[in-house]
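Undergrad: The feature GTP 1 binding site is assigned by Swiss-Prot to 8-15, 55-59, 116-119. Residues annotated as GTP 2 binding site in Swiss-Prot: 202-209, 249-253, 313-316. Per Swiss-Prot, domain 'EngA-type G 1' is recorded for 2-164. If you look up Swiss-Prot, you'll see 196-368 marked as domain 'EngA-type G 2'. Residues or ranges marked as domain 'KH-like' in Swiss-Prot: 369-453.
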Amino acid sequence: MQSIILIGKPNVGKSSLFNRMARQRIAITSDISGTTRDTNKTQIHIHSKKAMLIDSGGLDESDELFKNVKKNTLKVAKESDIILYLVDGKLAPDDEDRQFFYSLKKLGKPIALVINKVDNKKDEERAWEFANFGVKEIFNLSVTHNVGLDELYEWLEKFLHEEFLIPDEEENLEDFLEYYEEGKEFQFKEVDQNHIRVGIVGRVNVGKSSLLNALVKQERSVVSSIAGTTIDPVNESVVHKDKVIEFVDTAGIRKRGKIQGLERFALNRTEKILSHSQIALLVLDAHEGFNELDERIAGLVAKHYLGVIIVLNKWDKSEMDFDKTVKELRLDRFKFLAYAPVISVSALSGKRVHVLLDKILQIFENFTQKIQTSKLNTLIENATRAHPLPHDYGKLVKIYYAVQYDLAPPKIALIMNRPKALHFSYKRYLQNQIRKEFNFEGVPLVIASRKKGSKENDES
């Protein structure tokens, strides 16, 4: 797996950027210069690609301890694949930053200058002063306000290899391509269409037990206002329109450091429940509001590639505007779950809970949907005609054909002449076209590109 290292002097926002990219609070962040002195690592996803993100200690010659940190940072940088050098956009460039940057540039690796804390027009004007670093790749960010990250991700994506996010997916696809005959319909795995497994997840005290009780219309789980009352996962089934929906009520996920004893076991059990679920109800507290822990749990759902419905519970107590809230979730907090429907309910009063049952059936139908190969290829043909594939350094890029090779979740292979040239933005365009035509609401859609006549996903 390729690695991305964040380097810079203390207090430029490395840990904040690390947490933002990792979608969870791992590194300690504060306004005190030099809070992070140890190297932190975590695996991240940038679009359809994986990478190891490394948060280095701050570089500062003025502190004896930091001399060792700098030495270790440079060592890690030599072993990394991509370097992001952070500076503080509130301050003018200094020679020390330039020296650090030039020493890293000599390593011959992809390197970008990231100017953080660019929060307003005045900061943008000041950022021009960093042009004398002599680097083409400069990105203005405001990590605090989540501004500028999309451009940075787009640049990083160019240097990352295509990897599947689902375990063993590589082997599954290669086995499929070995025996698949172009133009033929594929015999999919059998999925029980009459039994749906639904995991209910969320942080502590968002109302998961109350929601379960409302869904099955009986007091099955112990409901209390005390945070973390439900410890043991509880299964309950309900028949809706001749379909058996099996619900699992999970223990709430607490913040790190507060997980003790049975609660720690329950967190591990939540992972297991998701691994055996097909659809997740991600429950949020619309009265209390959302936080970074909600994002972490959402990331857990995305990691398992489940169908998902975002449930805004306690809506009767909320003062939020529904449309603005949905926009915030899809464009900011949960960009990676933008395909998920959002439903507001009040579990205690039972208001709008019935809507969830119909929506679960619909999402499950999308989750197990089979696209006819001829219809899929007609769509791809029309999409590429409307917006032709960009050339790859002057060479023509072609999609020979497309085929769905799995379901639950749906997975589509694009057989191409130059699969590595398929930019993530064009892949996203194709995903949007497929979603629009075949209705994949609430469902992750996996698209893989492969070279025709080869098991390799490159041009060699």
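Glycine is treated like the rest: Cβ placed from N, Cα and C.
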Undergrad: If you count other Cβ atoms within 10 Å of each one's Cβ, which of the binding-site residues Ser56, Asn205 has the most?
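TA: The most densely surrounded of these binding-site residues is Ser56.
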Undergrad: What Cα-Cα separation, expressed in whole Å, is found between Gly202 (GTP 2 binding site) and Lys14 (GTP 1 binding site)?
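TA: The Cα atom of Gly202 (GTP 2 binding site) is 28 Å away from the Cα atom of Lys14 (GTP 1 binding site).
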Undergrad: In the three-state scheme derived from DSSP, which category covers Trp315 (GTP 2 binding site)?
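TA: SS state of Trp315 (GTP 2 binding site) = helix.
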Undergrad: Measuring Cα to Cα, tell me the gap between Lys208 (GTP 2 binding site) and Lys14 (GTP 1 binding site) in whole angstrom.
TA: 35
Undergrad: Count, for each of the binding-site residues Lys14, Lys208, the other C-beta atoms lying within 10 angstroms of its own C-beta, and report the residue with the smallest count.
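TA: Taking Lys14, Lys208 as the binding-site residues, the minimal 10 Å Cβ count falls on Lys208.
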Undergrad: Tally the residues of the domain 'KH-like' (369-453) by DSSP class, grouping H, G and I as helix, E and B as strand, and everything else as coil.
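TA: Looking at the domain 'KH-like' (369-453) with DSSP, the answer is 32 helix, 22 strand, 31 coil.
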Undergrad: Helix, strand or coil at Gly8 (GTP 1 binding site), per DSSP?
TA: strand
Undergrad: Residues with Cβ closer than 8 Å to the Cβ of Val118 (GTP 1 binding site), same chain and 6+ apart in sequence?
TA: Gly89, Glu124, Ala127, Asn140, Leu141, Ser142, Val147, Gly148
